[in-house]
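Participant: Per TrEMBL, the features are:
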- 118-225: domain 'Cadherin' (DOMAIN)
- 226-340: domain 'Cadherin' (DOMAIN)
- 341-455: domain 'Cadherin' (DOMAIN)
- 456-563: domain 'Cadherin' (DOMAIN)
- 562-668: domain 'Cadherin' (DOMAIN)
- 673-704: transmembrane segment (TRANSMEM)
- 733-834: region 'Disordered' (REGION)
- 734-743: compositional bias 'Acidic residues' (COMPBIAS)
- 806-825: compositional bias 'Low complexity' (COMPBIAS)
Amino acid sequence: MPLHQGAFPEDVCISEQQQQVDFLDCGRGAPVRMECNNPSDFRIEADGVVYAARSLQRSPQHALVLLVKAIDETQARNAAVNLSSVPDASVPPAGNTDLMEISFPSRRNSQLKRMKRDWVIPPINVPENSRGPFPQELVRIRSDHDKSRALRYSVTGPGADQPPTGIFIIDPISGELSVNKPLDREHISNFHLRAHAVDLNGNQVENPIDIVINVIDMNDNRPEFTHQIWNGTVPEGSKPGTFVMTVTSVDKDDPKTANGMLRYKILSQTPESPTSNMFTINNKTGGIITVAAGLDREKVPQYTLIIQATDMEGNPMYGLSNTATAVIRITDVNDNPPEFTAEMFSGEVRENRVNVIVANLTVTDKDQPNTPAWNAVYKITGGDSTGRFSVPTDPTTNEGLVTVVKPIDYETSRTFVLTVEAKNEVPLARGIHYPHLSTATVSIRVMDENESPYFEPNPKLIKLEEGLMPESALTIFTAQDPDRFMRQKITYSKLSDPANWLRIDPNTGRITTIATLDRESSYVKNNLYNATFMGLDDGKPPANGTGTLQIYLLDINDNAPKVFPQEAEICEKPEPNAINITAVDGDLNPNAGPFAFELAHRPFDVRRNWTITRISGDHAQVGLKIGFLESGIYEIPIIITDSGNLPMSNTSYLRVKVCQCDINGDCTDQQHIMAAGLGTGAIIAILLCIIILLILVLLFVVWMKRRDKERQAKQLLIDPEDDVRDNILKYDEEGGGEEDQDYDLSQLQQPDTLEPDAIKPVGIRRLDERPLHPEPQYPMRSAAPHPGDIGDFINEGLKAADNDPTGSGSTAGSLSSLNSSSSGGDQDYDYLNDWGPRFRKLADMYGGCDD
């Protein structure tokens, strides 16, 4: 096999330059694996490309021989590769005339047009994080037209004239393309530029060519775990190979190179029990699995693993690494059954007690508390055939609470021996069995108590005929004492006897009557009468019990029938009205209906005016026998006889109101209306209101009359000369004095017949009166003159008489004639006393007095 020659650049990284080594497989086609004798400095890929694994400083005068071994399934072959240190062609030094040139595609002749198809330029590889110096030449762009004329070169695209600008620059004259700053592959992994060539006039002389610049990755990023702490669980007792959890990390370097290829491993395990290698991790996927048996939560509840991720495929010398923590919690399974703390438990309970705890059963369980694998469930497996006990679990302490759920009779059972079994809520794990201590014995002693006497049977039913006379013996109602081992005496008393019919002997329990039993009493319901009695023993403390005696009373014919209803109405003319009546009997059949109805023989007009017709065994109809009966209240005696053995009869009175009826047969008189619409209380209230109203009206009238009298007396006390109304007079111009004043003094004799305005002289009136037009007469007064008006009239008459002593011109003549008792002696002047003190003198003079 020939010796391959190669060169590596000075001071460059592993993936910047490579040399390929080829082996012939002789046609066998088997896969070939290659190895080198210096893996720390070089590595060989599967395709035979040799890479520098680190930055190398070699002298150009000394060549390096690398031995490469090719191995297939059957044999191995060796080859030697001579490597020498040469400058990197892709990173030439400044001013290097040996720069790689990229030429624009040439033309065949000047007459032909440019080729439409662009020239495909191989990509330029530039390592990231280069330390310079900058600018650093990469390649030279050249056109074959630069020999005949001056050209100008330029590049466009991201990194040149587009953001991020200024990364790549080109010398417009020489066409040298340079990088101006370090590159970051994790930021931008490649650049696509376009190179242009134009003449001095700006005319394009070549088609633009595309230049691709790849940023070569360097191992400048450590792996980063997505979580710093990972939590996982695995059941205790898991078999080796049980999956636990997966941890993951990321590396920003190129995952297609060793820089981004990660490998995982477990650095430490805490605690190291039962072995230090309880878990393993898949170095590529980060999956953690168990590799050893013996996970026991009760011994080690949790493991802590330190996980490391390393790039460079886990190479500890060149790879970068990072760590994270994996916390694995061992979950509980039911691998520990509950065990009683003792084989025997004991307790005691008083008889007849229920829902009381008599013993506490304690167990231990190594499983995780308050989980189904720890919670105990108790079951009675023996000694409780009647089901008087139960054993619920205390949720806090996990104890079994032996509880009485049914009363226990000391006289029947004095002790109980129970067998109780304890299990968990979930079954035990496979292969684990319950030990002997999962079963315990519970001994319970029953204590005697003074129990209450009880009546048997209760209630006790007896049947009797009603009407049983007092002091009759009914039955013996006694109680029994359940305490057979105690000698106790029971005394009896009565607790409830609603009708007070019975009496019980306190020593013997014999019940006798103290009153007549009546089935029709309100205390009897459905023929049953209930009485309650108490039996009290002499224990310490005493206990008592109650019993009920039910007396079923058989009916006898001891109630006479009655008519119902007792009041009714009927029209004066009986057609078509009639009264339907019903016979009511407190007894039961056959001591009740059917009933016989008939009218009494007295009074005699009963059968003459009324008739009764039987409708059925319990009903009859009463109607008027005559064509008309005057309105009023009638009482009809009706004799009703029941059908009992030795029947009973009774005369009931039906109160019938006969009234006038309308066309519908309904009563129309006022009494009917009031009775139908208003009750007695309402009618009395209405009458009281009417009486009160009449009294108020009468008081008002009396008050008005008294007020009028007081006003009359006040006016008579006023001096006529001081009366302004009589001092201010108006005389008619036509008047001729007194002769024209026509006074009718005859009105003094009977003033009640005068009109109010007729007693004043013609032509004279008060200023406060309305003027009278056109007649010159005074207005007429009322028949009952006001005392003030009479006073004015008399004063005016006296003045006229004083001015005319002859009396001519006055129909009354001289007022002096009033002194004569002969003139008007037959008149009654006593009414003048009512006109006030001023007229009493006149009343005395002309009232028939002799002096």
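Placement of Cβ uses the backbone N, Cα and C atoms for every residue, glycine included.
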Participant: With DSSP as the yardstick, break the domain 'Cadherin' (118-225) down into helix, strand and coil residue counts.
Facilitator: 4 helix, 47 strand, 57 coil
Participant: Determine how many residues of the domain 'Cadherin' (562-668) DSSP places in helix, in strand and in coil.
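Facilitator: The breakdown for the domain 'Cadherin' (562-668) reads 6 helix, 52 strand, 49 coil.
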Participant: Looking only at the domain 'Cadherin' (226-340), what are its DSSP counts of helix, strand and coil residues?
Facilitator: 6 helix, 50 strand, 59 coil
Participant: Tally of helix, strand and coil residues over the domain 'Cadherin' (341-455) according to DSSP?
Facilitator: 3 helix, 51 strand, 61 coil
